[in-house]
Amino acid sequence: MGTALLQRGGCFLLCLSLLLLGCWAELGSGLEFPGAEGQWTRFPKWNACCESEMSFQLKTRSARGLVLYFDDEGFCDFLELILTRGGRLQLSFSIFCAEPATLLADTPVNDGAWHSVRIRRQFRNTTLFIDQVEAKWVEVKSKRRDMTVFSGLFVGGLPPELRAAALKLTLASVREREPFKGWIRDVRVNSSQVLPVDSGEVKLDDEPPNSGGGSPCEAGEEGEGGVCLNGGVCSVVDDQAVCDCSRTGFRGKDCSQEDNNVEGLAHLMMGDQGKSKGKEEYIATFKGSEYFCYDLSQNPIQSSSDEITLSFKTLQRNGLMLHTGKSADYVNLALKNGAVSLVINLGSGAFEALVEPVNGKFNDNAWHDVKVTRNLRQHSGIGHAMVTISVDGILTTTGYTQEDYTMLGSDDFFYVGGSPSTADLPGSPVSNNFMGCLKEVVYKNNDVRLELSRLAKQGDPKMKIHGVVAFKCENVATLDPITFETPESFISLPKWNAKKTGSISFDFRTTEPNGLILFSHGKPRHQKDAKHPQMIKVDFFAIEMLDGHLYLLLDMGSGTIKIKALLKKVNDGEWYHVDFQRDGRSGTISVNTLRTPYTAPGESEILDLDDELYLGGLPENKAGLVFPTEVWTALLNYGYVGCIRDLFIDGQSKDIRQMAEVQSTAGVKPSCSKETAKPCLSNPCKNNGMCRDGWNRYVCDCSGTGYLGRSCEREATVLSYDGSMFMKIQLPVVMHTEAEDVSLRFRSQRAYGILMATTSRDSADTLRLELDAGRVKLTVNLDCIRINCNSSKGPETLFAGYNLNDNEWHTVRVVRRGKSLKLTVDDQQAMTGQMAGDHTRLEFHNIETGIITERRYLSSVPSNFIGHLQSLTFNGMAYIDLCKNGDIDYCELNARFGFRNIIADPVTFKTKSSYVALATLQAYTSMHLFFQFKTTSLDGLILYNSGDGNDFIVVELVKGYLHYVFDLGNGANLIKGSSNKPLNDNQWHNVMISRDTSNLHTVKIDTKITTQITAGARNLDLKSDLYIGGVAKETYKSLPKLVHAKEGFQGCLASVDLNGRLPDLISDALFCNGQIERGCEGPSTTCQEDSCSNQGVCLQQWDGFSCDCSMTSFSGPLCNDPGTTYIFSKGGGQITYKWPPNDRPSTRADRLAIGFSTVQKEAVLVRVDSSSGLGDYLELHIHQGKIGVKFNVGTDDIAIEESNAIINDGKYHVVRFTRSGGNATLQVDSWPVIERYPAGRQLTIFNSQATIIIGGKEQGQPFQGQLSGLYYNGLKVLNMAAENDANIAIVGNVRLVGEVPSSMTTESTATAMQSEMSTSIMETTTTLATSTARRGKPPTKEPISQTTDDILVASAECPSDDEDIDPCEPSSGGLANPTRAGGREPYPGSAEVIRESSSTTGMVVGIVAAAALCILILLYAMYKYRNRDEGSYHVDESRNYISNSAQSNGAVVKEKQPSSAKSSNKNKKNKDKEYYV
């Protein structure tokens, strides 16, 4: 807990403990606490964790005071015992930050008598016993029951540095406690006596006076102030009062006699004011390279008691003030981190003392007086010497040297202010000389008095002065601290010539965990083993921080030594003093007061550094530098961020602030301050970057964001891979590392594929990340065999994550530190591992992604990657962006920049009889399949593999939906893939099918996932060939029952992944059948906006497209031929269509379209009526020159009219009307669509439609003009009239215009009729070239949903409109009308028909007629296909390609053909999709 005020060697502690134990045991001595500020005693740590007790005896007359305290150094747990409330003991403690528990004793103990106190700890309970007559216990309410103890056991008070550092005390209020005044003895822990480790302002007393509270220093004649007069300082030595008169100008036992001869130190305090009684002061200024050297060889010192006095004034924190002696017989007095350090060794170990002020430091540029005394004493028959050091006469520390050697003998030199090599002086805690002023340096013993300052000024022949010393006090320039603000900032220092010996010291302060502080290396030399390639070796020296710990690294050619300088972390924002000293192969590294020795391996003692010494980091251009593998921060690009001050090299100060200015170093600031505000509080990291507080800066972890930059503000480049693409970083030189930081983001739909790997041209060394069965697999192989390691285990592997082939972004992080591995995926728990063997060096020439090209040493090659990579960072280098920006010239790649849709190795199965056979699918225990497909076919077998017994696997399309069928031995199972619509839409779809070892089956189509767990058998035992695209024709009959396929797959397959294997469907095929080609040409002609004229609907098919012209009034392959046209002349005429009585439809939705030209203001064009007595009707009419529709389906008359278009202008117009229940739409030409949504609940069924009347003669408003291309719910009545249909009757003045087109001569009619006669649901993606703007409403973003008639058979229970309120469920499924945005029904898009019952004979006739129609349709379609204009569109997809998302449906190249005048004015933005049933 904190920095101890006394530091001793282990031997000395043991001897001192034995000494004190003897004193305590034989004489019953105790510790006297005078109640002074700064008093304290520290005993060894009492492990009061669980069950333990300690006891002591106490004697006092004080009513208040801190008796005892210990804690966990600033976290949660503590225990405090104080005197309070009239001299009663109060105990408080806490565990795990719980509310402190407190008990107050009933018995006062401040009566001047001895009292026994015992404290018993039992987990959450603590009991206080007093004099065996009182016992009280208390329990703390904490979640944890064990108490944590880190500090020593403090008795009587706390050390000053702990009071000044509140963060190191768990109980902050303990700083304000009054010190204890009285005596304490017989301290025991678990019945065993314990001795104090160190103390301050506390005296050892054999037996306190019975009066209590007194001491020899308080005795004296009545009326006198005490034993020591004239300001003398009293201390108790061997139970006697001893007066220190050195600062008074008096002498004698009680400082009563004026001293006219002997110089004390008191007058020095007045020296600056000239009040020294006229005596000359001997002062000298030292600037770091000067020192005095007094030769003792002629008159060696031999003394048992001696005294050293001096005064100093400085701004420097560290520096040697005085030293004499060598080997194991010396005295060293120095300033260490602003405190006064004394080290004495008389042969049996060092006595060390460190005196610190209560507040601040001694390097405050004020005068301070130091006095060191040593006296030989015989105590209880044991010889020892008591050493006392005091600063300014107040801060005093007392201790003992060992009993074996009590004489200080020195025939060496007295060094003052420094030495030739301070770091090499025995026991020296610092390595640099003093910088400041020293005054009146005096050594005296019983025989000699050496006034060293006077001798130097007077030029005594035994005194040598090194350097130019000014014998007055001058200001010495301070070594200002500097701050390295960024990891890239650094300072270059001159070459360090430290071949045999050397020292470096500095102070640093930071909160950052990593950073290279110092680094230099020597000339490269080649070491060649007979078996292995040449290796470059260098001598080097480095000091670095890793994970908050400070490390020394040194190699003198015989092997590297790596020392952790301190067990605790040093990135807590406090100043730390580092002192490195070496002499040949051995030396020390010390941090503050803790010193760690080292011995370098091998025989070499020469450190040959040829390069500059870098401070704070390394230059960006590292071409000339050689980085040893052991210096991890250099290879990880961790520059130091924090403060540095007081840099001394070989005892010489370095003005690093001035060096930074001369070098114009960016990111170096000439000061050091710690900002109180935490930078991360302002959320500076954008795009969800993780923020960490650094040293006066924020550090953003952008690895999981897809962004780069200091604040994650710059979007990272994406690379797209299609299985044949790669990026390879070919490093300029071979790299050797022992630590790596790797991070990347990936997105893939495949369960297998290489993400990143380091590769070597000379070895099997690799660090590899890959996808393996949907998990991330890390492989590290250090090829120990090649370099002749002692032990080798082979590659280490770690796995992390599950189901990572979900086409989502995932982040992978790898951290290796020597043998330690850590793998993290996203924010999941990190997977850790420890590598076996002695070898830790990774060798690599390349960093590869997508494909491993360096395969010489690979036993198996990982699967190529298909997907996307982003933010690949290796040891701080963002290689993808560096390649893209041209910042490095050693990257090779053919992967595509940017996020692109990936279609890998596409293959076209041009016919349904085409297929390939591959080797058996290996899916015994688990399986991961992936492929992409594009088709316009509803059905087709995609994949089939049979096996032993009934085992098999099938993937097929059924009515546009994907089926996964399998049998593991327990019977066939079917899983239907989930999709919002049929998949035969001529778009690419992604399919992933997997089975894990627990029989969890997963089918993912694009983003929709279906899962199912099956019981029983877990293995899929496949034996025969794997068929892709179909099977032989005769095989379809023998496929398992749950398989629907009767023909093969027609379309494109791509990115086929069979359990990690990427087959070439053509090259790897055992045999092929039918027409199979590379690439994906798709349909030779594809639907475009203007494929069909006059708002015809384009129907995409694999071998082309057809146009549905039913709602256009036009005909022909492209809807640009006139429809069947009749002229109704003056006097009127009428065309009537009558449904057979047993075949009258009832519909929920109707579609009507017709073209016309007229000049009439009033007329009826078309009227549809229901059977007699029902009253349902629909009428298209002209009223006042405007077109309108009226209809009634059982509730009220509903009207809709286009009021803005005048249509009796003699020009040709097309009107389109749709109804869905009571809702309706009306459109004239390309005018906006009019919508009608009547209020209230409406009946929906147009019942039992009987007649269609064209011409309006019966209604008394005969039409006069031209009518063309009438379409109503699948009936082309004018075409049927021209063909003399038996159900058509023509009366009046009606004449057919032009040729008589057949109702089955166009592809549009064929499509419509086939749809009407079909009983299966058929959905096809279509493109409608029409304006969809709605009057009074913004245009909808949804496609117009358009279907052919949905034919439903009505039962006898639903004959009338009574069923409209709650209509019957149809016996065969139908497609529901989609609702538009806002929840309202759309304008009608489908004709829904309910037909009355018909006889069996009628059904047979209908089937025969349908078959005949199909044959005619096929013949005509083939004729038109052979003669149609082939110049529309052509698609040529390469074997491997990545398309832009805007062209993901085939990336076709469009060749426009001439359009009619009407189609040329179409709004090309009006593009929708329609679905046909």
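Placement of Cβ uses the backbone N, Cα and C atoms for every residue, glycine included.
What Swiss-Prot says about this one:
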DOMAIN    31-217  domain 'Laminin G-like 1'
TOPO_DOM  31-1401  topological domain 'Extracellular'
DOMAIN    213-256  domain 'EGF-like 1'
DISULFID  C228-C243  disulfide bond
DISULFID  C245-C255  disulfide bond
DOMAIN    283-473  domain 'Laminin G-like 2'
BINDING   D329, L346, M407  Ca(2+) 1 binding site
DISULFID  C437-C473  disulfide bond
DOMAIN    480-672  domain 'Laminin G-like 3'
DISULFID  C643-C672  disulfide bond
DOMAIN    676-713  domain 'EGF-like 2'
DISULFID  C680-C691  disulfide bond
DISULFID  C685-C700  disulfide bond
DISULFID  C702-C712  disulfide bond
DOMAIN    718-891  domain 'Laminin G-like 4'
BINDING   D765, L782, R841  Ca(2+) 2 binding site
DISULFID  C883-C891  disulfide bond
DOMAIN    905-1080  domain 'Laminin G-like 5'
DISULFID  C1052-C1080  disulfide bond
DOMAIN    1083-1120  domain 'EGF-like 3'
DISULFID  C1087-C1098  disulfide bond
DISULFID  C1092-C1107  disulfide bond
DISULFID  C1109-C1119  disulfide bond
DOMAIN    1126-1294  domain 'Laminin G-like 6'
BINDING   D1176, V1193, I1245, N1247  Ca(2+) 3 binding site
CARBOHYD  S1355  O-linked glycosylation site
Task: Among 283-473, 480-672, 676-713, stretch most in contact with the domain 'Laminin G-like 1' (31-217) (C-beta, under 8 angstroms) - done: 283-473
TODO: Determine, using Cα-Cα distances only, which of these recorded positions is closest to L782 (Ca(2+) 2 binding site): C702, D1176, N1247.
DONE: C702
Task: Winner by Cβ contact number (other Cβ atoms within 10 Å) across the disulfide-bonded residues C473, C1107 - done: C1107
TODO: By DSSP assignment, list the helix, strand and coil residue numbers for the domain 'EGF-like 2' (676-713), in that order.
DONE: 4 helix, 10 strand, 24 coil
Open item on the list: Give the nonlocal contacts of the domain 'EGF-like 2' (676-713) in its own chain as ranges (CB under 8 Å, at least six residues past its ends).
Closed with: 483, 485-486, 510-512, 573, 641-643, 743, 745, 809, 811, 813, 826-827, 870-871, 873, 878, 881
TODO: May I ask which of the binding-site residues L346, R841, D1176, I1245, N1247 is closest to C712 (disulfide bond) if we compare their C-alpha atoms?
DONE: R841
Open item on the list: On a simple 10 Å Cβ count over all chains shown, which one of the binding-site residues D329, D765 is most densely packed?
Closed with: D765
- [ ] Could you state the whole-number distance in Å separating the C-alpha atoms of C691 (disulfide bond) and C1098 (disulfide bond)?
- [x] 55
Task: Neighbouring recorded positions, C-alpha within 10 angstroms of C1098 (disulfide bond) - of C228, L346, C702, C1092, C1107, C1109 - done: C1092, C1107, C1109
Task: Residue, out of the recorded positions C437, C680, C1052, I1245, whose Cβ gathers the largest set of other Cβ atoms within 10 Å - done: C1052
- [ ] Inside 10 Å of the Cβ of C685 (disulfide bond), count up the other Cβ atoms and send me the figure.
- [x] 23
Task: Rounded inter-Cα distance in Å - C1119 (disulfide bond), V1193 (Ca(2+) 3 binding site) - done: 32
Task: Cβ-based isolation winner (fewest other Cβ atoms within 10 Å) among the recorded positions C1092, V1193 - done: V1193
Open item on the list: Of the binding-site residues D329, R841, D1176, V1193, N1247, which one has its Cα closest to the Cα of C243 (disulfide bond)?
Closed with: D329
